[in-house]
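Okay, so here's the structure we're looking at.
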């Protein structure tokens, strides 16, 4: 039980009990407005307001006590407490708090506040489970038949059966309401299920609900439990879905499904349904009640196990009395038949995933009873390995069982405490490769490739003189001769050697200046924080972001809006914005911090929300760095009571609740008053409607050159070109005669795309064809040379020409012939060297075959190798992996080599850093901090971001990078293959992700790899409320949380192996959960297949086309 603050006079403080079942605010001055109404038939709980004098008074409806009206509302909502307008929360210690202005509080007020916070609060700190359900945002409205009666209230208690109760305490400060004269049918006094007849003459129906396909039967009757009868099935099952994700009981979802869809039993003309057995209920209650206990709740009374029957009653057939786990029929039945496999963890997976060498169950139970052939090693996890992978220093089994009790060659290897042998070069390299960390004992900093602080602490060399004090004694920022003057006002953002966007247009900036000299204010452009009481900010912010662009794609910019809709703290969004876009003092040009009290309240009330889903409060938001509001020498920010709670990224319900904007008009009511699902037509929302699938588009997406409708109707009828003109991809018109002439006339260069192709006739010959003036022309062979064949093959993105033949052409063909002085034209494209002619003197045309460029090969990799769960990768296994680096920051993002001069990465890596001169790309390295003999470095020449990249939804997150020079292709540096356009991966395909990323709180020096399974987009969307999953994205991971995506950095590859050992790039690590988990879902990758045309087009334009000279 924690300490909380009150905003009432001491004389009026009473031992009040929270009225809203399931959750209380930290302040008991106002009962909670965000309580859990899951699975319970209760109405809208009112709130005890505060009178002007500070005493406990009437609720919003004027009713004294705990109900918001004299009559129980039958259409109670799962989100009623969530949806009610939050009462003013306690933050101020004085009435002078105001409008985001700097606050300086006097000692008397502070003493008053300290006195008040010592008063013990009777309410629970927070109902974590309620917040979790709200966090995912799926709590819906629930309807109950209450016979128009009120819930029974006696002795200061609201006796509402079926409620997930919090601890009850006597309320001596408010009169009790009179008992209700009629008792709702769903109270404990209502007839129990044992007394009710299950007979039914209705027809059995098939179970179609996707989640409940795990049931071992396929037909059901109408729900039997009163609570299920009067509640939408989807809403009922949400409660069990989240308990399932918390892993409290492996069959909790099965239990919920058996309640929602009771088994239909046919007995002659009679039909009756089977509810779960009492033992099943007791097992579910035993497993999950402890989770509910964490939030001061208990197993719902409406699901009390005493109402269910024993399977041994009357010594009759148990299968016709109640539904049990039926272990005697095998576990398979619990997952819906022979097509599924039931993991020990309770997860149901496709049977085809069993015994495939992958940890799909998260507990290896799908691999536990698999047989290995005699020539293979059987891992403790059940996996089968080639014996050459045993005792090689790499964890191939996933549990290190292949590396136990090995005979180490002590001249070349180090023996870990568990018997594992690792390479000698891994000793003192900065990574803990031994489980017991014995490989990093008694190591000097230089031996690990690190720099030693004065205190003896080791840090990477790139951390020196970077503006951040990484050494605890600050010695890494001393004697920095090339460092500019210190940042004013304690700013810790002297992170870049050149002025960034925040300094653009400032007279303080020049080519030699630094962020430390940029002290002016800039307008707030971060959408989340556009409704603040101030409109100027100063960077870097308090989370270390150097620009607003960087802040907009940060994890925190997604975290805080998601937390806002949990109602964990009224002023959370205000606090978030004060650290994301700090207020800029126009007089000093310095940041104005939030007050420490605001930070502490935000953290106290919302940190536990993150804890239940395995996340931590952002570590950079240490409240001790912010001043007390009573400080005499520094001002700080506190919010006004009427500060806007909803950010521009939220939709504000009529009730005042904030829901994510992405959930507006999504077909499911998230507002307690359903206002988010009103006026949802495209025209009503001023959007354009696709004719085929009725998809709504912003008008800015119409006729922009990128099809968005499934039938591309948004790009039709966009321009009206003359008969002698052709339409560019961006709907400009150019003269027909200029099409494919080697000079770009369309502003998007589309008049020069795909001009050279190979076409087949009846035989096997491939004829060279040029699409001039919108007509295909054959190329006359007169004067042809091999260098022209090479140019043609390169222009089509192929390898060297293998065959060039002169073949007799046909009568009536359209001909192009070489320009008489083509050798002097210095042309970069084939079409530029050709001119239109009516005939070809020889009558021969060019037949050409080009080789395919070799890609996706790994000559240095050891084959037959699988690594799970994020293990260190062997050198040479991923020769296309590269590191995108900048000075002085070092490694920033991963990248992928796709051609000798071209790499791919994600667009958001360049947010605020789009100058190619500050970047370089490093190839052929496994350990970032140790140079390799295979390493190659190239500077960046050109950065091409996708024009439709949106940082708001991180869509179209891809960029093409041109290198200054070609790489030298070796066994350790080679390009990966690109997929065919629109070649999509099937669900349950296994692929690899690689990168350096982060593991825990440190970045590993060695390249990491892990296997992930492709997850359907519709399933993926269910994990993400803040973002919309589009077909430009791929979802991959494990629902069970096997692979840790913390290890993978942005821009790293997702590659899949084709038959024959060739690897193809299908994804680039873009965004997703901070780490894979049951609650947070998979990682999201840019779908390379969708962008292949665009990628090849950019390479073609940069390589071959030249802009038509003006004038």
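Each Cβ is built from the backbone N, Cα and C atoms, and glycine gets one as well.
Features as listed in Swiss-Prot:
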type	residues	note
TRANSMEM	113-133	transmembrane segment
DOMAIN	199-325	domain 'FZ 1'
DISULFID	204-264	disulfide bond
DISULFID	212-257	disulfide bond
DISULFID	277-322	disulfide bond
DOMAIN	371-407	domain 'LDL-receptor class A 2'
DISULFID	391-406	disulfide bond
DOMAIN	407-444	domain 'LDL-receptor class A 3'
DISULFID	408-421	disulfide bond
DISULFID	416-434	disulfide bond
DISULFID	445-458	disulfide bond
DISULFID	465-480	disulfide bond
DISULFID	521-584	disulfide bond
DOMAIN	645-681	domain 'LDL-receptor class A 5'
DISULFID	665-680	disulfide bond
DOMAIN	681-719	domain 'LDL-receptor class A 6'
DISULFID	690-709	disulfide bond
DISULFID	893-909	disulfide bond
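The distance from the Cα of residue 480 (disulfide bond) to the Cα of residue 665 (disulfide bond) comes to 55 Å. Neighbour list (residue 264 (disulfide bond), Cβ cut-off 8 Å, at least 6 residues apart, same chain): 204, 205, 217, 219, 220, 221, 271, 272, 273. Closest in space to residue 665 (disulfide bond), of the disulfide-bonded residues given as 322, 406, 408, is 322, taking the CA atom of each residue. Cβ packing within 10 Å was compared across the disulfide-bonded residues 257, 416, 458, 893, and the lowest neighbour count falls to 458. Comparing Cα positions, residue 690 (disulfide bond) lies closest to 893 out of the disulfide-bonded residues 277, 391, 421, 434, 893. Checked against residue 257 (disulfide bond), the disulfide-bonded residues 322, 458, 709, 893 differ in C-alpha distance, with 322 being the nearest. DSSP gives residue 257 (disulfide bond) a helix state. A sphere of 10 angstroms centred on the C-beta of residue 680 (disulfide bond) encloses 13 other C-beta atoms.
Counting other C-beta atoms within 10 Å of each candidate's C-beta, the disulfide-bonded residues 212, 406, 584, 690 are led by 584. Closest to residue 434 (disulfide bond) by Cα-Cα distance, out of the disulfide-bonded residues 406, 458, 709, 893, is 406. When Cβ atoms from all protein chains are considered, those within 10 Å of residue 909 (disulfide bond) total 24, not counting its own. Residue 391 (disulfide bond) has 408, 421 nearby among the disulfide-bonded residues 277, 408, 421, 709, counting only those with a Cα within 10 angstroms of its own Cα.
Contacts of residue 408 (disulfide bond) defined by a Cβ separation under 8 A and a same-chain sequence distance of 6+ are given as 414, 415, 421, in order along the sequence. For residue 434 (disulfide bond), the Cβ neighbour count at a 10 Å cut-off comes to 20, with all displayed protein chains included. Its Cβ placed at the centre, residue 391 (disulfide bond) has 19 other Cβ atoms within 10 Å. DSSP assignment over the domain 'FZ 1' (199-325) gives 59 helix, 18 strand, 50 coil.
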